[in-house]
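Below is one structure, written out as structure tokens, with a few remarks after it.
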Amino acid sequence: MTTTLTAPTPAAAEAPRKKWTVAEVQALFDLPFLDLVFQAQQVHRAHFAANEVQRSTLLSIKTGGCSEDCGYCSQSARYDTGLERERLLPLDEVLEHARAAKAKGSSRFCMGAAWRGPKDKDMAPVLEMVREVKKLGLETCVTLGMLKEGQAEQLAEAGLDYYNHNIDTAPEFYGQIVTTHTLQDRLDTLDKVRDAGINVCCGGIVGMGETQTSRAGLIAQLANMTPPPDSVPINNLVAIPGTPLADGGTIDGFDFVRTIAAARITMPTSYVRLSAGRQQMSDEMQALCFMAGANSIFYGERLLTTDNPESDRDDVLFARLGLRSV
């Protein structure tokens, strides 16, 4: 006889719960696929409008030349990926991109810089970008790497809404992906962000050769944050020639949907974002992800250095599925 897990009622889902164990998250992955997606959809509807999807646009404001050795990343200075190193974009160019993003329906504008962490001299221009983008009526997000003492407070004073800092993968798999910093380094920056009163955007990458248990470990690590991230981007690895993961593992489409569903069930009030790798997904697979509780996408033709579905394709998909942008 198959045992299914009962979806929490809204009241139960809001109540504090014990920490998720990896075994408990693995039990979600082990459910029959339709049972898992059904449970995730119930949890999703208890906390969000079922047919609303938040759109974010991501811009690389400083490309390439990063000192870190993240095995998936085209922007590491350690790998020959053919990517040209660029300086920090000027403010007027950033604002041009932000205005275009808003005109196309994005509500959040994310700015990413390929640094281990920002130097003190980098902060002033970034803070100005945050202030000016906010004046356009957009939510602001930055991903700048690891922060030093006081930098999160500077960002908060500038009005930053979200700080993105992904933990990438499960603790036990982390050292196989990056060696120039630790998972604890990432968690320390997230603590600084929370203490400064900035919303946290934190997720990971799947399809890097990890096991399903490692994917369960990633979800458990995210869900057990106090509080869980406000936004949880789930990336499907885009293999970049020249990186150590150029010939890395892939993930079955149904397993990717299972990862989305597990994120929704364990983090019921977080936005779960379909991030990198959407270009390779069929419309049908994306629809399954929305059924499983994804309610945010990166919108626009480019994600830092990788391709993303064209805006027109997303508009058509939203119309076919009856989805509304927020």
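Positions of Cβ are set from backbone N, Cα and C atoms, glycine also.
These features come from Swiss-Prot:
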type	residues	note
DOMAIN	51-278	domain 'Radical SAM core'
BINDING	C66, C70, C73	[4Fe-4S] cluster binding site
BINDING	C110, C141, C201, R273	[2Fe-2S] cluster binding site
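A map of Swiss-Prot features onto the structure.
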residue	record	Cβ within 10 Å
C66	[4Fe-4S] cluster binding site	22
C70	[4Fe-4S] cluster binding site	22
C73	[4Fe-4S] cluster binding site	25
C110	[2Fe-2S] cluster binding site	28
C141	[2Fe-2S] cluster binding site	24
C201	[2Fe-2S] cluster binding site	28
R273	[2Fe-2S] cluster binding site	24
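Taking the mean position of the Cβ atoms of C110, C141, C201, R273 as the [2Fe-2S] cluster site, the remaining residues of that chain whose Cβ falls within 8 Å of it are S56, L58, R108, T143, Y162, N164, S231, P233, F298. Residues belonging to the domain 'Radical SAM core' (51-278) score a mean pLDDT of 92 in the model. A Cβ within 8 Å of the Cβ centre of C66, C70, C73, the residues given for [4Fe-4S] cluster, is found for these other residues of the same chain: E68, D69, Y72, S74, Q75, S76, A114, V178.
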